[in-house]
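Per Swiss-Prot, substrate binding site is recorded for 50, 198. Taken from Swiss-Prot, the feature ATP binding site applies to 125, 171.
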């Protein structure tokens, strides 16, 4: 039995709330996607901050609305800073999100992400291979690319949510979002989104920001997935390929926020 799909009306109402609150989102993310991630958050009305130095990162967790940990370009120094930020975020009750990039194919980051799971993230976002590897079900995956079908990863996502208390997002042609008890699907988007570096990482930042919103975290996080897929659908109408897709995608996010505020 397939999960119910999130309604776009729910996503629009959540976007109103998001734009009003403008979450200050601390992004400890990878070097490849920082600009695109920041621009995605700005287009939706959030406030991004890229603070990575250990002493500053732990301090900033006290003032941020939400924290993102993305291990895409992980180093020992960065792992130390991320660990310190998460510990402090937990202390001051700042919600944090884990993006376990390529966790299935590299031992160092898999061990690090497993360690972070003990600090109970509020959300986890990954592709099918990453979620299955993080749950200990499989070590497949080709770097950042998924080699598994999204539906096959759903049981692992449910198990991971039950074990950690996180809302877990498995992204693909249909995104599945689960808190271990309830699961919703988010359809839409366009295959070209997989040909642009950073769309998944940017989604993780939006998921992190949505964890700062009041109300139902499952629906808030699922709404983040919906906004990104809707923007992809709008962008593909005007773009001619990956190079023109990105500016149209950011424009679409911005236009969506203007529409819900009208």
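Cβ atoms are placed via backbone N, Cα and C, with glycine included.
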Output, ordered by sequence, the same-chain residues six or more apart from residue 50 (substrate binding site) with a CB under 8 Å from its CB, or 'none'.
27, 28, 29, 34, 38
For residue 171 (ATP binding site), what residues in its own chain, 6 or more apart in sequence, show a Cβ-Cβ distance under 8 Å?
125, 126, 127, 150, 200, 203, 225
Neighbourhood of residue 198 (substrate binding site) by C-beta distance under 8 A, where only residues 6 or more apart in the same chain count:
32, 33, 36, 37
So for residue 125 (ATP binding site), how many other CB atoms are inside 10 Å of its CB?
33
